[in-house]
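These notes concern the structure reproduced below.
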Amino acid sequence: ARGEARSARPRSATMGEQSEPAPPALRPFEKYCSVIAHYPCSVCWGSILCVVLMVAFPFVAFPGNVLNFDLGLDAFTIKYVEISNRVESMQAAECGGQCARGVGPGRRLDDHDDPDHSRFVAIYASADNTSVLTEERMRQALELENQLRDHLGEPVLSGLRAFFPNYPAAEGALTGAAFQAKLYDSAKLMHDTRNWGNSIAVWPSYEKHFTECHMESRIVTSTFAEGDRDMYPEFETYATSDLYLAFFPEREHVEREVFGKQRSATIVMDALLLGGVLLVSYALMAIMTRSIFIATAGMLGIVLSAAGALFFYRIVASSWFGILNAIAFFLLLGIGCDDIFVLSDTWRQATEVQDIPADECFERLKFTMPRAGFAILTTSLTTAFAFFGNMISVIPPLRLFGLYSGFMVLVDCAMTVTLMPAVLVIQQKYFARFDCYGRWPAEKPGSPRRLEAFFVTRLLPKIMKGAPALLIICAILVSISLNVAMELPAGGEFHPSELFPAHHNQAKAQRAKLMMANRRPHLVRAVLVSGVVPVDYSHTLNPTDKTAVHWDTAFDPTKPEIQTFVMEVCNSLLSERRMVRSVDACWVRTVAQKLLQEGHEFPTSNATLFHIAARDAWGLERVDRDQYFGRIYVTATVENQASIEELREHYDMWEVWNNRWKAEARARGLSGGENIFHASEAWVRMATIEDLSTSCISAVCVSTLLVALTLLVMMQNVVVVGAVMLHVISVCLAVVAVLVLRGKSLGVTESIGITILVGLSVDYLAHMGTSYLDEPSHLPRDERMMGAFSHFGTSVMAGATTTLLSACFLLMGKLTFFVDIGAFVVCMVVFAFFAAIFPFPATMFLFGPVGNFGQIPCPKRFRKGAGSENAAEPPEPEPKAVVDDGPARPSTATRPSTASGTGSRTPRSPP
């Protein structure tokens, strides 16, 4: 009684009387919400300023070398393994060790082109893939050639002149027996090995199967002096009823320059599709959030996230920025919009479902941030770690793509939980009355929106009713997908012409070049290198960086024992007929012939005589006073276009032979011969294609492991994490099965798509799994799943729609690279959304954890929902007076959860 009387007395201002106890101190999370609720503009501008400073820092720290854009695919080769180190070291030595300073590789054996003159090869090919060597089609080819003559002048060499005596007029053309006789003479001339040369334009070109016994060819070519390159787009339109025109510059360096500029221009045009993606995403965000202001700020936050990721990318990685990194922004749009939808929906549910007054921003943030923030953090970490799994690849562009994508996701997560809460508070305080969808009345407290009502009241009960049958059907489909996915073939070499569709000139020219066989077969050119140690000192995260040369100072060809050793190596090559077709240049043979012709002995110990004899020796260079660089050029017996298995077999034979002579050098005590090695760009291509398969599988395994560990740490429930990962693996198998059914092989595009598959498909499933665990643990499975659908079903669908629309814009690109990536993302989104809406709820309904089953024991401070009172426990019975005075509790199917710090909100007592 005395205590009640004392508490009922009015407060006194005197120091002698006891004052009321101070309110409890705010926890760090509550302080965070309080700062945002009271100073939203400061938080908003502070977040933007922080990102702007991060973007500006590389411009100050690395002036003139912030980013180097590379829109080509030449960098998609394996690096930092023994095969690539050999080629890199050889090329660095060829350019005198100055490749690291931007000087290109030096002269090669097959590089005899005059840079001042270039030729233009025109190809007349049949549109229906049949022979062009008919009288009517040869007249059509002459029509195309006369169109070219109007712009390029007389051809240097014409494949049609022999069939038209009155060339360039079509009158008097050979017909009948005379036409066939001329074809026979052309076939005989082409396959005479005495006429083999090194240039495509030595004589008219036909298909490789064009012989005296099979006088059919799908192509015939002519060669012109190169004219105005601005006319090339017009040449692409030349065609007749049966034939089309394709062309390419004869010199390889000119072709790389001309076609490379064309590819870069096309990539820039396709990049303009990004504007359409931004507009569609912006419109969808405005519709879902019911606010132009939130949509504008959200899109600004996504753009700033991509820019802010450049800070970490430039500091940690390098200045190289490739085409894959640009594609990462398309993926970020879907991820960023999904996070914004989750945050804004939870903010809305605080008022419409939890019955928190709209103007109590602090209370709404206390409800919103633990629930939405935890879901955003979980999905962001899983997606980022899945992208980081690409770091194990030995192909630098794939490694940098994973690094930059992971940074973007993490920066976007930080922007979402700092910028967007402040934006929501600003919208409520200053722009709530300007809601552009004000005619849409807010739902009554405790009731879901129309879409949520459809999920909860119509769709979900049907899924639960047919859950066993649905899971059996899905298990059968996954089993079929597994069998089909195992048949995915390994891809071949990726040529830059494959960036374009089949009707583009670059694709047609590449097909025609593969048909041509008018010169020496495309055999592998190998080089035996001495005087260089095969190591690569280039930047591990910069694909275009060149290594410095590590010279082998022990290699001294003036010593007689080295001369004898190298001569034995050349003779041994001639005896290896299974792997060597010819030894094209052996410097020690030239030295020996010169010495013997002048009456001197070989080998010689006279350094002066050796230097005089070695002046004309191809492949031996004196780099410094005591440093030499030797190369032996060899033509192998395997073709460049051979299968990967056949190339690997020949490479292994070369390795066995090379190791045998290294052992011989060590046995003789010749330290200058121990570092001899063979190198070929064909071996690098072989290793790149092999690594696309191995690194793809390894990246998927690493990404899956990282995602599973992250989910275990964040969700702390083995059963739910197992269900999520089971559905993620099922989505991956279904997408790979679709690739096989489309006739795709594991090339560059497919490898990229599969490596990002785990990171993108886990998003929606992780949202649903997190929302299931956020429901009170004492509820039955069906009510927990209904609550999860009510809270995140709309957000998941909106995020999937945004990603789907972004990928659809990629489908409108001209480059097949963008189109294939877009088709891959569309397929992934459809399967992932289907798995999150149908099989996953059925799995949770039948096998989901009840109570604390499957919960991982961990210290209380690290336990999920540790910040909330009784987050996972059933509510204690309350006194009648309090229950009667409080507002009615919302229905179980639609009321928000009490986990993850939201707690069961204490009903407000009447005044």
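Note that Cβ sites are derived from N, Cα and C of the backbone, with glycine treated the same way.
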Of 167-186, 507-526, 747-766, which span is tagged transmembrane segment by TrEMBL?
-> 747-766
Range from 292-313, 319-341, 374-395, 401-426 with the greatest count of C-beta pairs under 8 A to the transmembrane segment (787-812) = 319-341
Looking only at the domain 'SSD' (294-426), report the model's average pLDDT.
-> 87
Between the transmembrane segment (374-395) and the transmembrane segment (292-313), are there at least three Cβ pairs closer than 8 Å, leaving out pairs fewer than 6 positions apart?
-> no
Taking the transmembrane segment (36-61) as reference, which of 265-285, 292-313, 319-341, 747-766, 818-838 has the most Cβ pairs under 8 angstroms?
-> 292-313
Stretch of maximal Cβ-Cβ contact with the transmembrane segment (319-341) [cut-off: under 8 Å; candidates 265-285, 292-313, 401-426, 818-838] | 401-426
Within the domain 'SSD' (294-426), residues counted as helix, strand or coil by DSSP | 116 helix, 3 strand, 14 coil
